[in-house]
Amino acid sequence: MLAWPAPLLPTLPGSGPVLTLHDTARGEVVPTTPDTTARMYVCGITPYDATHLGHAATYLAFDLVNRVWRDAGHAVHYVQNVTDIDDPLLERAERDGEDWVVLGMRETALFREDMTALRVLPPDDYVGAVESVPRIVAHVETLLDEGLAYVLDDGTGDVYHDIAQAPGFGSESGYDEATMLRFSAERGGDPDRPGKRNRLDPMLWRGRRPGEPSWPGPRGVAGRPGWHIECATIALETIGMGFDVQGGGSDLVFPHHEFSAVHAEALTATVTGEKLPFARAYVHAAMIGLDGEKMSKSRGNLVFVSKLRGEGVDPMAIRLALLAGHYRTDRAWTPDLLAGAEQRLATWRRAVTRDAGAPAAEVLQGLRERLADDLDSPGAIALVDAWAERTLAATADEQEEGAPTIVCDAVDALLGVALQGC
């Protein structure tokens, strides 16, 4: 599957420090320790509707991770999936009387347009669940053969992972059983289904149902894959185990990231004989709210990137508005937030069109330090605000030739905000 065009990254003098990030599994900010190539997997969209600002905030957060790593001298192998077969997609297609394939392709194309407009660096591997079905089936077969999964005894052909045989289950989220059961019911699980060995056992394969698409499956049972095994398979097939960052929204902590890790670690153990970690760090972006509630498709309280673009809003203002809050802080989208970002963008652009400005070296160093410190984008933005104010207010003898160009390039390369005319 094709991703989207990569924006040009300006080359900055020197290099940035080690990136630290908050690891959900350890509950603390830790240094990332990539090898020569940093590896990151970020869970992608289910393409049944347009990109809303909650999505955008998540992908902008991990775009900063990508940029900071590159500035520190790492090559980056970035993988993102597309959940192009799942219940919400099929339900929306049926509701609207539209072919599910056509719906998924259209919304994926719109997502690409939004990411291009927001200047998000594209993944190196952009992989759909549908194209991964043969490998998913092979993985489910392996889990069945090893006695780690079972077929539900109700004639459906549905296959579940037996989490009683998953050492370390729960270590990624740290949730107790009651919390897991609640989130499982709210986020696509089926804890009350009869016949399961454990209420939390996740589905690996859903046997064919009337009116649903299906593919040849494990043990000859046609159907479609479960959600979590899709990401486990795609990660294993692209960047392998022990990658540096597993990323996504905070609503993916459980069950999705927990079970993706369980599946991948079980599959790897069948080969190596030992439990290896799926990811070194689990990093989660907070929610964007509107009118006091989390922005979500199920609630319908959405602000779409494409709609704002269609109204003439500069995508760089959208980007700045979302980066004005820390990625781990739940925050609200308001007209005032966008208006403030538009004003900030205009001020920065005025400042970088000058031939000379306030000294740039400390701004570049400060941007690097702030973003390397668990993606402190509000702190980074405040540094540029202060520089722009000094530049626009200073007299000629207080200014440094070429400083605006350096700041312009730094804002572009590190924050991903393109400033025109510099």
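From the backbone N, Cα and C atoms, a Cβ is placed for every residue, glycine too.
Since this is a predicted model, take the numbers as computed values, not measurements.
The Zn(2+) site recorded in Swiss-Prot comprises Cys43, Cys231 together with one of His74, His77, His256, His284, namely His256. Looking at the stretches 168-173, 186-191, the one that Swiss-Prot records under the feature motif ''ERGGDP' region' is 186-191. Between the listed ranges 45-55, 89-99, 397-407, Swiss-Prot ties the annotation motif ''HIGH' region' to 45-55.
Each residue contributes its Cα atom, and for Cys231 (Zn(2+) binding site) and Thr58 (L-cysteinyl-5'-AMP binding site) those atoms are 17 Å apart. A distance of 16 Å separates the Cα atom of Thr58 (L-cysteinyl-5'-AMP binding site) from that of His256 (Zn(2+) binding site). Taken residue by residue with DSSP, Ser250 (L-cysteinyl-5'-AMP binding site) is part of a helix.
With DSSP states grouped into helix (H, G, I), strand (E, B) and coil, the region 'Disordered' (185-221) comes out at 5 helix, 6 strand, 26 coil. Considering only the binding-site residues Val82, Cys231, the Cβ with the fewest other Cβ atoms within 10 Å is that of Val82.
Following the DSSP three-state reduction, the secondary structure of His256 (Zn(2+) binding site) is helix. Recorded residues Ile288 (L-cysteinyl-5'-AMP binding site) and His256 (Zn(2+) binding site) have their alpha carbons 19 Å apart, per Cα-Cα distance.
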